[in-house]
Amino acid sequence: FSAAFLDSVADYVDPGLPFISLSKGLELNTLRTMAQIIPQALRNPRQPFVALSGPSFALELMNKLPTAMVVASKDKKLANAVQQLLASNHLRISTSSDVTGVEIAGALKNVLAIAAGIVEGMNLGNNSMAALVSQGCSEIRWLATKVNYLY
């Protein structure tokens, strides 16, 4: 629904307004990321864009528990500005220029989290959990690398 909404407001959006995407996932049918959707829907290929990703839980962040996240942008100055804007005593923000990798990892980590819940629910133990997480992270990295070559 993001593409349709953004298309409907495109005439009202400042072309220099940075967008910080908190969305995790890929568009159904097209598998586009928000970094692809936003500039196209706004009809501005130069729309400033940052992806913010965890893993993190909003409740823990609200309770000021230690949390680490990453902001990714092809514009290093913009990534640094968002990092400074959001960082706090309990929130560490890293920066990256690998927007595709951060968006793919953000989407696929949810699949890995569901699988981890299944491993835990079936009482398969820490060895199974460690194997799942190690292999899952390797596969996410592999896919993100392959996707980066496509774009």
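Every residue gets a Cβ built from N, Cα and C, even glycine.
Per TrEMBL, domain 'Glycerol-3-phosphate dehydrogenase NAD-dependent N-terminal' is recorded for 4-78. Under the heading domain 'Glycerol-3-phosphate dehydrogenase NAD-dependent C-terminal', TrEMBL lists 98-147.
Secondary structure by DSSP for the domain 'Glycerol-3-phosphate dehydrogenase NAD-dependent C-terminal' (98-147): 46 helix, 0 strand, 4 coil. On the 0 to 100 pLDDT scale, the domain 'Glycerol-3-phosphate dehydrogenase NAD-dependent N-terminal' (4-78) averages 94 in this prediction. When DSSP labels each residue, the domain 'Glycerol-3-phosphate dehydrogenase NAD-dependent N-terminal' (4-78) comes out as 25 helix, 14 strand, 36 coil, counted as helix, strand and coil in that order.
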